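First the structure, in the form of structure tokens, and then the observations on it.
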Amino acid sequence: MGRVYNFSAGPAVLPEEVLKEAAAEMLDYNGTGMSVMEMSHRSKAYQEILDTAEKDLRELVNIPDNYKVLFLQGGASQQFAMIPMNLMKNKVADYIITGQWAKKAYQEACIYGKANPVASSADETFSYIPDCSDLPISEDADYVYICENNTIYGTKFKTLPNTKGKTLVADVSSCFLSEPVDVTKYGVIYGGVQKNIGPAGVVIVIIREDLITEDTLPGTPTMLKYKTHADAGSLYNTPPAYGIYICGKVFQWLKKQGGLAAMKERNEEKAKILYDFLDESELFRGTVRKEDRSLMNVPFVTGREELDAKFVKEAKAAGFENLKGHRTVGGMRASIYNAMPKEGVEKLVAFMKKFEEENKENL
Ligand SMILES: *Cc1c(COP(=O)(O)O)cnc(C)c1O
């Protein structure tokens, strides 16, 4: 059995080159006689892996010197709590609710302070991004929170909200490193890496230094303070060492591809192939307002549940895996992250055309 085209939303496809390199180094990393999985996180060999990963990430994203890069655990979901625990000095924060992940982050923040839902697209099943040019931002808000790319619903902020001078915090789990970012517009950028960068178990936090303080909410555990990890260079305790090593390899792969500007171009090209087909198809249609469409997660439906199920089943048999939509929305979703080759999208569209031809009588 060869490799399939894996359209999973996460954990998701990784570059084949990276997997092969990791396989070749599995038993003996760089002459150490052991796997990266087996080495001390305090060893010179591992420190080099960590330092190189951070250096490459800084270069790729052009991260200014006054931002720290933290490699943490607990997934993106742990950040739902760490953010209010570390940033809610006034115990007030504004949340823009554009999907389930933003909603979960908002609900978590409600435990710690006054979280205000200042905008939402729940009225139309999160199929669009609300106008965020003039929101009722709270005067004493510690930050404004967004989920920049909504993995489940397939929407993406094309312009950042007007935070009226407040710190912007963004969950970028499913669009991390898919295009260039101006880090200076954010206080915190974070994401679980299992969507677009590496294996589950690592979350990367890019945080402006002035937001890292001792002044966290009372009772904040040591492990949940940004300061703990910033002061220790992400080595306060044993980090997700193997996962970081794979992330480092993906950073190098991205550099070889030409960096984030090149990735954006490619991602736009790939997404266009799929969206153009959805726009002209008589059987399939996209579910998201056109101007808010994600480059990474593309949900679509036939409009008939039995036909959706038939499509997912036949697609799987043809080597296109994980096209079933999220359990809460149904239909289909193709996640076409950085590591999905253009060929995978072209072949999927060819398969969809064939399916449409064969199922025309059901229209
Ligand atoms: C997957 C996902 C999460 C949750 O990630 P975990 O690492 O499982 O906690 C949060 N936010 C977004 C945008 C996601 O795509």
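Cβ coordinates are placed from backbone N, Cα and C, and glycine is handled just like the others.
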Which of Trp101, Trp253 belongs with Ala76, Ser77, Thr151, Asp171, Gln194, Asn237, Thr238 in the pyridoxal 5'-phosphate site listed by TrEMBL
Trp101
Using a 10 Å cut-off, grab the number of neighbouring Cβ atoms around the Cβ of Trp101 (pyridoxal 5'-phosphate binding site), all chains included.
22
Among the binding-site residues Arg42, Asn237, Thr238, which have a Cβ atom lying under 6 Å from any atom of ligand 1?
none
Thr238 (pyridoxal 5'-phosphate binding site), Cβ-centred 10 Å count of other Cβ atoms over all protein chains shown, is 10
Pairwise over Ala76, Ser77, Trp101, Thr151, Asp171, Gln194, Asn237, Thr238, annotated as binding pyridoxal 5'-phosphate, what's the top Cα to Cα distance to the nearest Å?
31
Using Cα-Cα distances with a 10 Å cut-off, which of the recorded positions Ser77, Thr151, Asp171, Gln194, Lys195, Thr238 are near Arg42 (L-glutamate binding site)?
Thr238
Fewest neighbouring Cβ atoms within 10 Å among the recorded positions Arg42, Lys195 goes to Arg42
